[in-house]
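Quick look at what Swiss-Prot annotates:
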BINDING   HIS261, HIS265  Zn(2+) 1 binding site
ACT_SITE  GLU262  active site, proton acceptor
BINDING   CYS272, CYS277, CYS296, CYS299  Zn(2+) 2 binding site
REGION    332-381  region 'Disordered'
Amino acid sequence: MLQCRPAQEFSFGPRALKDALVSTDAALQQLYVSAFSPAERLFLAEAYNPQRTLFCTLLIRTGFDWLLSRPEAPEDFQTFHASLQHRKPRLARKHIYLQPIDLSEEPVGSSLLHQLCSCTEAFFLGLRVKCLPSVAAASIRCSSRPSRDSDRLQLHTDGILSFLKNNKPGDALCVLGLTLSDLYPHEAWSFTFSKFLPGHEVGVCSFARFSGEFPKSGPSAPDLALVEAAADGPEAPLQDRGWALCFSALGMVQCCKVTCHELCHLLGLGNCRWLRCLMQGALSLDEALRRPLDLCPICLRKLQHVLGFRLIERYQRLYTWTQAVVGTWPSQEAGEPSVWEDTPPASADSGMCCESDSEPGTSVSEPLTPDAGSHTFASGPEEGLSYLAASEAPLPPGGPAEAIKEHERWLAMCIQALQREVAEEDLVQVDRAVDALDRWEMFTGQLPATRQDPPSSRDSVGLRKVLGDKFSSLRRKLSARKLARAESAPRPWDGEES
């Protein structure tokens with residue numbers, strides 16, 4: 001049984017966090033100064049300010065956390081900026097397309113899509129979000145299988161990604177498929193929340209694990225043909241064939257999280273290892289639920305560089321959206337299952353793993369790589385981590401509504417900080433204090449080089465002599481023992497002959 005231990009902080013230190021945000025390159029430092037006002041720079045300085053109050057240090061709760069299980073070099077702004085050089089023409093497009101898959105126009109589906117569009121337009125301020133008409137999974141002709149942990153039907157991600165790539169609108173910056181069906185990327189994996197196709201700006205994410213209650217009766221095995229090939233008769237969305245959906249306000253926020261996380265990947269942002277951030281990867285549902293709804297300052301600078309928004313305007317839009325969610329979305333009733341209660345933690349007999357996107361596939365014909373924010377369960381330890389029991393995420397005090405109101409209060413604090421009158425001297429004081437600190441050791445994502453000492457003939461000869469004498473002594477002792485045993489052993493045939 002796993003022992004419960006307090007979470008431990010994970011940090012690269014203030015100096016490294018400052019370099020990750022501002023950069024060590026003189027041109028990028030000048031770009032930072034010109035892109036942000038003094039108030040914005042002091043706000044972003046929360047990334048490396050040891051006295052920060054708005055952004056939190058990463059916590060490690062188990063030895064199986066994503067941070068420890070997927071070691072790799074963290075992506076700072078300079079690395080991100082260099083990766084954008086070949087993406088400039090595509091960034092001129094201003095439309096994000098959401099492609100519902102088997103999401104009918106019933107109240108639950110339409111309300112969810114409306115909230116997703118509103119959240120996405122606030123999160124990616126400056127881009128227009130268009131929701132395409134829902135398509136049936138049967139028309140996509142993607143592979144499918146029965147779920148291993150329920151009677152639901154799972155859709156294979158590769159067929160969906162191929163469909164999205166081939167039907168991508170000409171003015172699309174990116175296209176994201178949305179489905180309430182469970183997804184799986186490989187036969188050996190139990191499920192995944194999301195996956196994207198690098199180089200083509202298409203991805204897909206599933207909300208099946210975030211619904212207030214899992215489907216009580218999903219399509220059975222004979223229904224597989226409805227998805228693997230187009231049916232002769234009228235096509236019915238999956239919800240109409242047994243899906244019982246109930247999204248609480250908190251469950252809807254989880255859907256927004258995975259949607260914005262995946263769209264950030266499609267805009268070029270990598271996974272985050274700096275502070276608590278939406279762009280953290282996750283190897284368990286518990287880690288996915290613990291991710292915040294917004295970006296850390298380092299990832300926020302990346303997104304601002306791509307879209308060019310003012311920070312306060314973005315936070316004001318997000319604040320307005322959060323107020324609307326609290327006021328209009330159905331609250332969790334007493335006794336009603338929630339995403340926190342209905343979704344069990346991973347049991348000890350499920351191996352959990354997640355592939356890194358450090359080696360992405362570049363075409364549909366090549367092996368596709370789930371992003372490091374996708375959450376996959378392997379049926380065998382050879383797919384990644386062996387066995388893991390994830391702790392259940394605790395329900396925030398006051399229930400799901402209080403958790404959303406807490407985020408609303410955090411957004412209000414961000415707006416207040418950005419409205420403050422800030423002098424350059426305030427920034428200089430923070431920078432001077434951080435620059436005076438010692439630099440911490442920083443993991444580079446590469447194994448340390450093997451140490452090679454200069455050759456020394458004297459040391460080599462002496463070592464060989466010592467080892468040779470030692471082995472000769474052991475050989476003599478073993479020979480003496482064998483001889484003594486042979487002489488003292490009884491020989492029954494001598495008695496028989498006499």
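Residue positions begin at 1 at the first shown residue.
Heads up, the Cβ atoms here are built off N, Cα and C, so glycines get one too.
The shown structure was predicted, so the numbers you read here are calculated from the model rather than taken from an experiment.
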Sparsest Cβ surroundings (other CB atoms within 10 Å) among the binding-site residues HIS261, HIS265: HIS265
Zn(2+) 2 site, defined by CYS272, CYS277, CYS296, CYS299: further same-chain residues with Cβ within 8 Å of the Cβ centre: TRP274, LEU275, ARG276, LEU278, MET279, GLN280, LEU295, PRO297, ILE298, LEU300
Integer Å distance between the CA atoms belonging to HIS261 (Zn(2+) 1 binding site) and CYS272 (Zn(2+) 2 binding site): 11
Entries of CYS277, CYS296, CYS299 which, being binding-site residues, have CA atoms within 10 angstroms of GLU262 (active site, proton acceptor): none
Integer Å distance between the CA atoms belonging to HIS261 (Zn(2+) 1 binding site) and CYS296 (Zn(2+) 2 binding site): 13
HIS265 (Zn(2+) 1 binding site) to CYS277 (Zn(2+) 2 binding site) - Cα separation in whole Å: 13
Neighbourhood of CYS299 (Zn(2+) 2 binding site) by C-beta distance under 8 A, where only residues 6 or more apart in the same chain count: CYS264, LEU269, CYS272, TRP274, CYS277, LEU278, MET279
Residue, out of the binding-site residues CYS272, CYS277, CYS296, whose Cβ gathers the largest set of other Cβ atoms within 10 Å: CYS296
CYS296 (Zn(2+) 2 binding site) in three-state DSSP notation: coil
